[in-house]
Amino acid sequence: MDNSNWTSVSHFVLLGISTHPEEQIPLFLVFSLMYAINISGNLAIITLILSAPRLHIPMYIFLSNLALTDICFTSTTVPKMLQIIFSPTKVISYTGCLAQTYFFICFAVMENFILAVMAYDRYIAICHPFHYTMILTRMLCVKMVVMCHALSHLHAMLHTFLIGQLIFCADNRIPHFFCDLYALMKISCTSTYLNTLMIHTEGAVVISGALAFITASYACIILVVLRIPSAKGRWKTFSTCGSHLTVVAIFYGTLSWVYFRPLSSYSVTKGRIITVVYTVVTPMLNPFIYSLRNGDVKGGFMKWMSRMQTFFFR
């Protein structure tokens, strides 16, 4: 491409999910509702865990961190998407775009690490139940959460720095509802070889490493569960992992489909749809998945609601 067509852009134009005017109001209403459910549901999980002393154990400490990550993850993209739906310009500044990319990557990877830590918690609880409190001490839990945050920020810094090295053409329209890595790479005038290489190597190690750790944890859990003599006992033990497995399947399935494939085969339209699933739908469903399948959370929630009812209607 002729170098005269290259430019240092000051802003990008986010085209959003749809360019059809008649779809804008329904999209705004649907995503506003999902965002409200996500924020309220995850805040309820955090508040419940903080207010119930019996839930101050590693499993629920990690769950509250997952809920906080989900709030931040969705808040990185949805408010801006709702704004541009009715904006005549649909503009995001260059700096704002890089910041959005940074925090999106950071919270996506943080969720990845927290899901791996939660799998380790289930492994210790089922495979070493008598040593659970000795192994998963409060200090170890804090260290693991801090490590999740630190590694997530380092990962985000690397990929955001590489995006910042790209040069963009005069056409600065991003066919997406946020500054997604692949969408930005698609409109770059310069080679994205290093970006793609890092996604498929360092990125793959981060994501696949966590997924392999989760798989190994559940392989050990299954071996222990199979030794339980009664079918009822096996089901009761393994059912404690059902919520986590559901979230893992949705999160890694959609994430792998979007990012771990050649850039040439990346479909913007399909990418937008799949991205909505793991950036909006999954964080919205997580509180319901964990609360509906968890007796402690359901019991704590009912007690919390009872206290609220007594407080407001006494």
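The backbone N, Cα and C atoms fix where each Cβ goes, glycine too.
Remember, predicted model here, so these are calculated numbers, not experimental data.
As written in Swiss-Prot, here are the features:
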type: TOPO_DOM; residues: 1-25; note: topological domain 'Extracellular'
type: CARBOHYD; residues: N5; note: N-linked glycosylation site
type: TRANSMEM; residues: 26-49; note: transmembrane segment
type: TOPO_DOM; residues: 50-57; note: topological domain 'Cytoplasmic'
type: TRANSMEM; residues: 58-79; note: transmembrane segment
type: TOPO_DOM; residues: 80-100; note: topological domain 'Extracellular'
type: DISULFID; residues: C97-C189; note: disulfide bond
type: TRANSMEM; residues: 101-120; note: transmembrane segment
type: TOPO_DOM; residues: 121-139; note: topological domain 'Cytoplasmic'
type: TRANSMEM; residues: 140-158; note: transmembrane segment
type: TOPO_DOM; residues: 159-195; note: topological domain 'Extracellular'
type: TRANSMEM; residues: 196-219; note: transmembrane segment
type: TOPO_DOM; residues: 220-236; note: topological domain 'Cytoplasmic'
type: TRANSMEM; residues: 237-259; note: transmembrane segment
type: TOPO_DOM; residues: 260-272; note: topological domain 'Extracellular'
type: TRANSMEM; residues: 273-292; note: transmembrane segment
type: TOPO_DOM; residues: 293-314; note: topological domain 'Cytoplasmic'
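In the predicted structure, the topological domain 'Extracellular' (260-272) carries a mean pLDDT of 64. Counting other Cβ atoms within 10 Å of each Cβ, the disulfide-bonded residues C97, C189 show the lowest value at C189.
Under the criterion of 3 or more C-beta pairs below 8 Å, with sequence separation of 6 or more, the transmembrane segment (140-158) and the transmembrane segment (58-79) qualify as touching. Same-chain residues lying 6 or more positions outside the transmembrane segment (101-120) and placing a CB less than 8 Å from one of its CB atoms are 59, 62-63, 65-66, 69-70, 72-73, 76-77, 144-145, 147-149, 151-153, 155-157, 159-160, 163, 178-181, 184, 206-207, 210-211, 213-214, 217-218, 244, 247-248, 251, 255, 278-279. Below 8 A, the CB atoms of the transmembrane segment (26-49) and the transmembrane segment (273-292) form 3+ pairs separated by six or more positions in the chain. Where the transmembrane segment (196-219) meets the stretches 58-79, 237-259, 273-292, the count of C-beta pairs under 8 angstroms peaks at 237-259. Residue counts of the topological domain 'Cytoplasmic' (121-139) by helix, strand and coil are 16 helix, 0 strand, 3 coil (DSSP-based).
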